[in-house]
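Please read the structure below before turning to the comments.
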Amino acid sequence: MSDLNDVQENAKLNSETRNTGKAEPPHGTTEYVAEAEISKNGVGSPKKSPKKGKVGKGDNNKVETELVHTALLEKDNPFMEEGPTGFTKSALLEIPGMRSHNLKNPNEDYEDDSEGLLPLNQESNAETCRTSLSGSINSMNGETSASEEPSVSNRKKSARIHILEAKRVSEGQGRAYIAYVIQFENSTVQRRYSDFESLRSILIRLFPMTLIPPIPEKQSIKNYGKSITGSSSKYLLPSEGSGSVDLSLSVIHASVNNSDEKLIRHRIRMLTEFLNKLLTNEEITKTSIITDFLDPNNHNWHEFVNSSSTFSSLPKSILQCNPLDPTNTTRIHAMLPIPGSSSQLLLNKESNDKKMDKERSKSFTNIEQDYKQYENLLDNGIYKYNRRTTKTYHDLKSDYNEIGEVFAQFAHEQAQVGELAEQLSYLSNAFSGSSISLEKLVGRLYYNINEPLNESVHMATSARELIKYRKLKYLQNEMIKKSLNSKRAQLEKLEAQNNEYKDVDKIIDNEMSKSHTINLERPNNNTGSGGKSYGGKLFNGFNKLASMVKDSVKYQETDPHTASINLKKEIEQLSESLEVTENDLEVISKVIKNDQLPKFSKEREVDLSEILKHYSRYMRNYARQNLEIWKEVKRHQDFA
């Protein structure tokens, strides 16, 4: 009955659209160009041209690089309408270029689509996302060049990897693991979780300045059951996917409980996204590591890694490798110190006292704080409360199902009263129908909303790891500076002592040159006390014995000349290390701030926008279906 009402309502809406002749403007390039002109030219009237704006050569120099802001503001709400020009709720909302942006309710795009799927590769999604959130973390570079736009919209179109199945494989002696069958083009390969973990570890060492997508955290079924809400709950797998992942295509060939199933599907989703994002990274795809990982001929991935001279020669720490080419690490890179926790605290204090690298350090400190706040808002805010909401809907679904059964039993007992039994039957059917609708909603919220939000949290963590790498490189540079200054001070002190010794030697030589004879006779003791003379000799004997013991315990100090030579060698090595780390730090800071973080911001904007569109559509469809169910009950009650 509800399906028939949906069809009638859709037909009514279509007829109204034809009568009025007014159609909603599609998400085209015209709207995007208008917004682009505003963002480039500042406050002013947009140029309403249907053609894409071209970015001039000098435009990039005119736009100053802004800091990254990760605050989730009211403008992120797709239902928020443009407020009056004079409102100032908070300082965070006062972002240049936001007043000229007209937000649109995404429900209006799918007003006549109650059960159809939200297009996964809708081009208008990317176009809409580019013009939204212009003041959040995606505004690092001030504007988006035309050459960068297709890479964002084509990111999900180029996804070609699917995990077809997950099966339990026995290792013998009662041990087993879950193997994932990966389909890439026309071939399939089987990999386990530790293989993905090894691949990501290698990628981090091969591309230390690149944002490597996350993989699901390594944890047991027991720990994962504690980390998710309602671990014993079973969620209906939706027929449509989210992003480039369609979990309905993946089959679990194993006898698993609800917690195991959710963990496996959680891993399937994140591992699929991990591989698909790697395929869209031009820098990584220039190498053969991804094709090697997906090659069925490399049956055992760990054996392949151990047999590769390239992988085995990589430095264990990314702080001791050449960031531009880790496979060509120099001797100086291999000797660089690795900052520890104590050195970080000490150097942070000294850097604050001396105010070293004020602008660059302050810039990245603010960026790190913004990303940390953004990650916290996602994890402990949106993701947390969406999990709680999903659990509440799941419990409500069970309550609706139970109360529907109660009304059905009551109607059976009141069968002799025809009118009352009929009303009770209608109520029973209404609650049962609402329970079914809630079950569909809960499954979509869990798999298509909560799981993508969890992935966004992990992506924010990976971005902060990239910022942390730059911070550790900065601390490494400060350690070398501190050590170099200390060695130079020691050398100056040693040279000053040598000069003093030379002056003393000159004085002695001058005194000896005046007299050719040296008086070796012992001076007369006029004290007249023989006991004191004997005691003095005994005391001198003890002093000699003590000095012999002291020399046997302590190492003999090197002569000043040798110490001076060693210090000069150390200073030369530290100077070379300082030059290398300063060049590395400059390159790392430039790549992370101007390339990796803006790219992450654009992708994050597209992902969050798609999540919000899915969320609003799911809630709207459930509300519409539930309303029709209770309208039907009311019609029967009115006729009774």
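Cβ coordinates are placed from backbone N, Cα and C, and glycine is handled just like the others.
Looking at Ser15, Ser363, Ser529, Swiss-Prot tags one of them with phosphoserine, and that residue is Ser363.
Of the listed segments 57-94, 209-246, 285-322, 475-512, Swiss-Prot assigns coiled coil to 475-512. For the residues Ser139, Ser147, Ser361, Swiss-Prot attaches the annotation phosphoserine to Ser361, which does not rule out the feature elsewhere. Matching 370-401, 562-593, 594-625 against Swiss-Prot, the residues noted as coiled coil span 562-593. Annotated range for region 'Disordered' in Swiss-Prot, selecting from 126-156, 250-280: 126-156. Around the Cβ of Ser363 (phosphoserine), the number of neighbouring Cβ atoms within 10 Å comes to 16.
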